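Structure first, commentary second.
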Amino acid sequence: MFFDHFSNSSSIQSMEDVTFLRTVFNGLNTLTGVGILSVPYALAVRGWLTLILFIVVAVICFYTAILLKRCMDSNSSVKTYRDIGGLAFGLKGKICVASFMYLELYLIAIEILVLEGDNLVKLFSVKRWDLFGLMKINDRVGFVLLVAFIVLPTTWMRNMSVLSCVSFCGILSSLILVVCIIWSGVGDGVGFNEKGTLFDWSGLPTSLSLFVFCYGGHAMFPLIYTSMHDKSQFSKMMGICFALVTLCFSTVAIAGYMMFGPNVKSQITLNLPTEKISSKIAICTTIISPLTKYALLITPIACDLEKMFGVSQNMIISLLLRTLLVISTTIVALFLPFFGYLSALTGSFLVSTVSVLMPCICYLKIFKDSKNKFGFENLIIIAIIVFGVCIAIMGTYISSKQIITSV
């Protein structure tokens, strides 16, 4: 979901020979992310029947990905998600799509810092940090500041042509995480003894928001489609990616819920016994993997700000701007240390808009003169829009309330 922002027409043209297998890797890496850590929590707040809704959300997001493909097929000049917004609603549509996408990236960057801080606290027993004798800070604040300091130099780099490497690392880390979580239950004595509840209405909006967050990769899909050597296989590729990701996430959700029941935390790694080697590997994996993606989140925002202020060629101002972006995400991460609620807020407000609402709305606008505009498929699309609006409104309200209450 991160690489759409680096592309221009010339760079996209040079990539239009990517094999089917490589696009599968790119698609899998786009969909696999920190959302895998929160699916057991989403299952815990609603019960076992949540899995049915999880599959429903997967099908909806797969379908909206196909709608994006149809929008791109309607005009050969469309290369990115922003272009789709422009094709549907002109300049205002392009600006609207870009705004939602960049806000989504900014919040996910904050979530990475929150995630890193929580897992480092779990891994290391450092209670207090002494900052050069000037002041003492608690362990979580210290680790968040340390992570921000580590990722800062990566945001200064402008060459981001490492997509295949990042894809491989992202997929590998997700597989390692799944194996470690299952091994904690099988071989480390945790067991799968929790029965859980069947269903709980009270956690519905939060769970749905977290599920949508798991499938928030639509900003990347237009670039993946454009890069394919055989574009006719895009639907097949998306089907494979969504099926594998759903299987992977469902496995983690079921295992985590059976291991820890209603006590499962917003990040499953925080429940794992720290003295076991499998837990240490899982936590290390969740620490290392997001670090490779932070720069991919911040750089698109920085590039647009540099163009806006006309400082793209000024290296000093560029470095200062990127540093300020990192500092701003760090400050927010320190004041909002609630990974589960923040993920739900991002999923309900932004990912539901980018991955559910916008594809449907743009499709209906672009194909408004279609002969089947009153057909069954359009009714399905309208139903999906209603579904997305409900998630956006209810999920945003509840997640915001939970964050405010927890501050």
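Cβ coordinates are placed from backbone N, Cα and C, and glycine is handled just like the others.
Record features (TrEMBL):
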DOMAIN    19-399  domain 'Amino acid transporter transmembrane'
TRANSMEM  20-42  transmembrane segment
TRANSMEM  48-68  transmembrane segment
TRANSMEM  89-115  transmembrane segment
TRANSMEM  137-156  transmembrane segment
TRANSMEM  163-186  transmembrane segment
TRANSMEM  206-225  transmembrane segment
TRANSMEM  237-260  transmembrane segment
TRANSMEM  280-303  transmembrane segment
TRANSMEM  315-339  transmembrane segment
TRANSMEM  345-367  transmembrane segment
TRANSMEM  379-398  transmembrane segment
Criterion met for the transmembrane segment (206-225) and the transmembrane segment (345-367) (at least three Cβ pairs under 8 Å): yes
Residues of the parent chain within Cβ reach of the transmembrane segment (345-367), under 8 Å, 6 or more residues beyond its termini: 60-61, 64-65, 67-68, 70-71, 74, 81, 84-85, 87-89, 93, 97, 100-101, 103-104, 107-108, 111, 205, 208-219, 373, 378, 381-382, 384-385, 387-389, 391-392, 394-396, 398-400, 403
Stretch contact, the transmembrane segment (379-398) with the transmembrane segment (20-42), Cβ-Cβ under 8 Å, 3+ pairs: no
Close approaches to the transmembrane segment (137-156) from elsewhere in its chain (Cβ under 8 angstroms; 6 or more beyond its ends): 113-114, 116-118, 120-121, 124, 126-129, 131, 291, 294-295, 298-299, 302, 319, 322-323, 325-327, 329-330, 333-334, 337
Cβ contacts under 8 Å made by the transmembrane segment (280-303) with residues that lie 6+ beyond its boundaries: 2-6, 33-34, 37, 102, 105-106, 108-109, 112-113, 115-116, 119-120, 122-123, 147, 150-151, 154-155, 157-158, 160, 166, 169-170, 173-174, 176-177, 180-181, 184, 267, 269, 272, 274, 312, 318, 321-322, 325-326, 329
